[in-house]
Structures are given as C-alpha cells and as structure tokens.
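Working notes, structure below.
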Amino acid sequence: MAAISYSNKYSLFSILIFITVVSSPVLAQLSVGFYGRTCPSVYDTVRAATRSVINREPRMGASLIRLFFHDCFVNGCDGGVLLDDTASTPGEKGRTGNINLLRGFEVIDNIKVQVDRACGRVVVSCADIVAIAARDSVVESGAHTLGQARCALFRDRIYNETNIDPSYRRSLQANCPRVSPNGDNNLAPLDEKSPNRFGNSYFQSLMNRRGLLHSDQVLFNGATTDSIVREYSNDPRAFLSDFSNSMLKMGNKLKF
Ligand SMILES: *[C@@H]1O[C@H](CO)[C@@H](O)[C@H](O)[C@H]1NC(C)=O
C-alpha cells in the first residue's frame with residue numbers, strides 16, 4: 001500500500017485505487033480470503049446491510065467510519081468499543097469520548113446477527129465487522145463525490161429544502177424544472193468545484209450548503225457529523241490518512 005502516492009492532490013483515481021487495493025483479493029497483507037473458507041458470504045452480508053442502513057439514514061455512513069476509528073484508537077482494533085460495562089470492568093463503550101459520541105452500536109450488533117445467521121455459526125468477530133462495515137461505508141459515501149446526478153434526484157432538495165445556498169439553488173433550478181418529468185434527466189455535477197477529483201472541496205461545499213444531494217448535505221446540517229466535515233475540509237489529507245493509518249495498523253490483526 002505504501003507504493004501508492006498521495007503526494008499533492010488526491011485524485012479520485014487514487015482514492016478509488018486505494019479503496020480497490022484495500023478490498024483487493026491480491027493484497028497479501030490484508031488477505032480477503034481470510035473468511036473465504038469459513039464464511040465466504042460475510043462480505044456480501046455486511047455490504048448489503050451497510051448499504052441498506054446508509055440508504056435509510058445517510059449519516060450512518062460517517063458514524064460507522066467514526067466508530068471504526070474510535071475502536072482502533074483504544075488498544076488497537078479489537079472491537080472493545082462495542083463492549084458494555086460489566087460490574088468489574090468498564091467497557092470502552094462507556095468511556096468519556098466514546099459515550100454519546102458514537103452512534104452505530106446497534107447497527108453493528110444488528111449486522112453481527114445477520115452475519116452469524118448467514119455463516120451458520122459465530123465465526124466473524126465484532127472488530128472485523130466494524131472494519132468491513134467502515135470500509136463499505138467509505139465506498140458508499142465516497143461514491144457520491146464522483147460523477148453527476150439527475151435532476152429527478154435533487155429536485156426536492158432545490159425546491160423544498162432550506163439548508164441550501166440561494167445562488168447555488170438558483171443555478172440548479174435553471175436546469176431542473178420544478179414539475180416532473182420535465183428535465184428529469186438533466187445532469188448536475190455532484191461536486192461542482194472538482195467534478196473529477198476527490199478532494200476537500202467536497203467537504204467545503206457541504207459547509208457552504210452547496211451539497212447537491214440531500215444525503216450528502218445531511219452530513220453537515222447542525223448535527224454530530226459537522227465536526228468531521230469541518231475537520232476534513234480544513235485538512236485535505238485527514239480523511240485518507242485516518243483511513244489508511246487505521247487500515248495499516250490493523251493489517252496484522254485483521255484479515256480482510
Ligand atoms: C415539495 O413539497 C411539496 C409539499 O410537500 C410536494 O408536493 C412536492 O412534490 C415537493 N417537490 C417539489 C419539487 O416541489
């Protein structure tokens with residue numbers, strides 16, 4: 001993974017390569033085949049569950065990524081963040097810093113139930129589920145930074161929502177008439193500033209209320225994920241370094 005250079009600009013290409021490498025079966029260190037024999041369906045199960053959760057509640061993508069980082073910052077990636085307090089041992093879940101900060105515990109518990117059912121027995125650890133779900137969340141949420149969206153997908157946002165910059169709204173409305181199906185297929189870039197490159201302009205746009213999709217703008221809407229957006233917006237390298245550091249750190253412990 002060290003061979004990949006993120007020198008000056010994070011091109012969309014490089015982040016896609018990164019994600020591909022992380023999830024690639026040919027990467028020796030993080031062997032995708034780890035559960036290949038014991039429970040090959042784990043990846044599809046986690047992917048489907050993560051996707052459906054994010055579709056239902058888009059902010060959960062960021063929450064799962066965050067949960068993953070918090071788990072890995074305390075004693076390495078051990079799933080300890082998911083532990084409840086017991087009489088003798090306080091679990092990480094109750095620690096200051098984790099309590100009230102982290103959402104997504106229930107989501108992971110729920111995915112674990114589905115995975116155990118799909119595998120027919122308990123074979124995949126909570127830590128691995130957190131890690132796989134976080135990786136899938138990056139893919140699900142990161143995909144929104146590339147390409148274009150159809151007017152039909154953002155019409156409601158530009159005519160009905162208030163957390164949108166007025167001049168941005170006007171420029172989008174010019175190419176997306178209010179009444180469907182007029183202009184349903186007209187396109188607008190998901191990231192107006194750098195449509196072909198993944199960078200922090202995506203996060204800056206969110207802070208300026210210029211996110212095209214409702215599901216993107218909710219990441220910055222006066223709630224818990226605002227601070228993450230702010231952080232990544234100020235520090236273009238933060239996201240990739242957070243993500244890749246954690247991935248590397250757990251490389252020897254977890255096997256994808
Ligand atoms: C906006 O909200 C109204 C009232 O809920 C709804 O009828 C309409 O379809 C929505 N979308 C647009 C583009 O006006």
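Backbone N, Cα and C atoms are what each Cβ position is placed from, and that goes for glycine too.
Keep in mind the model is a prediction, meaning the values are calculated, not measured.
Between Cys151 and the candidates Cys119, Cys176, TrEMBL annotates a single disulfide bond, the one to Cys176. Candidates considered were Cys39, Cys72. The record in TrEMBL pairs Cys119 in a disulfide bond with Cys39. Working note on the disulfide-bonded residues Cys119, Cys151: by count of other C-beta atoms within 10 Å of each C-beta, Cys151 ranks first. Of all the recorded positions in the record (Cys151, Cys176, Asp191), the one with the smallest CA separation from Cys39 (disulfide bond) is Asp191.
Mean model confidence of the domain 'Plant heme peroxidase family profile' (29-252) amounts to 76 (pLDDT, 0 to 100 scale). Here the disulfide-bonded residues are Cys39, Cys176, and the one ringed by the most other CB atoms within 10 angstroms is Cys176.
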